[in-house]
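According to TrEMBL, the feature domain 'G-protein coupled receptors family 1 profile' maps to 42-293. Annotation comment: TrEMBL describes 24-50, 62-90, 102-121, 142-164, 197-222, 243-264, 276-295 as transmembrane segment.
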Amino acid sequence: WEFNGSFYQPSAFLMMGIPGLEALHHWISIPFFLLYFTALLGNGMILFIIKKTQSLHEPMYYLLSMLAVTDLGLALCTLPTTLGIFWFNIRRIGFDACLTQMYFIHILSLSESSVLLAMAFDRFIAISHPLRYPAILAKSTIIKIGLAIILRSVLSLLPLPFLLKRLTYCKKTELSHSFCFHPDIMNLACADIKVNVFYGMIILLSTVGMDFIFIVLSYILIIKTAISLATKDECLKTLNTCVSHICAVLIFFIPLIGLSMIHRFGKNIPPLVNTLVAYTYLIIPPALNPIIYSIKSSHIRGALLRALRKK
């Protein structure tokens, strides 16, 4: 502990695995390892295929590449601490290291939300304005979207580590997860955390919340356009191009909203529920997204099969 008058700051935090199941951590680590392996291999394969296949150098697949990069980042951010607990019972994480991990987890989460919004916009333009699609979403536009996503995430979340560093902490240093999460760290403080709560809510609502609203609005317009098509088959074929994206949106936003609500309002919810929702939010989307897109996209599936045949 560092002491400076009435200011206390822990030198480290203790992370938590799955509460009540500590004796089974070695067995529990097997599905977690498989999920991480799937996330790393699947997203790496998506990036490799899109880079090597000239026919996939289109706006939709450039955005899919951005999604794969954010998923890789999320998996790599939590993999060392999660498997470190399950395999070696390494629970300790330095205070500054914890803030760094938290910052990157939140940056990547916000980036994933922004990429999903950009992909919804891509689907809307492709369906509603197909003739203008190449002009509206040119390569230069995609680059600008990518830079805007990075700047938005980095700058809007920049105050978080400093807001946590100014707080005085109690002697309780045990986190609720095997990774560092802003509300989790914030709740260990003995000081007034109203600024942290207010800023966290403002950022959540103005970024992820607005992204979700605009995604829903995009799909309302997409459905309206699809219904106006001449035949039922054309309508279904049009909507089928959005299935992968809808799945990616649902598996990202549902656990995120659940985890945010639990941390702010679910004080009486069992710790096991909190832990499972957190793992669902951070591990499931990176593992499932490449599988969903590989199954639903005939172009990616074809490119993957051609790459495997060459091997």
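Every residue number used here counts from 1 along the chain in the order it is shown.
Here the Cβ of each residue, glycine as well, is placed from N, Cα and C on the backbone.
Spatially, the transmembrane segment (24-50) is adjacent to the transmembrane segment (276-295); three or more Cβ-Cβ distances between them are under 8 Å for residues at least 6 apart in sequence.
The transmembrane segment (197-222) shares the most Cβ pairs under 8 Å with 102-121, out of the stretches 62-90, 102-121, 243-264.
Contact counts against the transmembrane segment (243-264), taken as Cβ pairs under 8 Å, peak for 102-121 among the stretches 62-90, 102-121, 142-164. Only residues 6 or more beyond the boundaries of the transmembrane segment (102-121), in the same chain, are considered here, and those with a CB under 8 A from a CB of the stretch are 60, 63-64, 66-67, 70-71, 73-74, 77-78, 145, 148-150, 152-154, 156-157, 160-161, 164, 179-182, 185, 207-208, 211-212, 214-215, 218-219, 245, 248-249, 252-253, 256, 282, 285. Non-local neighbours of the transmembrane segment (142-164) in the same chain are 59, 62-63, 66, 99-100, 102-103, 106-108, 110-111, 114-115, 118, 182, 185-186, 189, 195-196, 199-200, 203, 206-207; each lies 6+ residues outside the stretch with a CB under 8 Å from one of its CB atoms.
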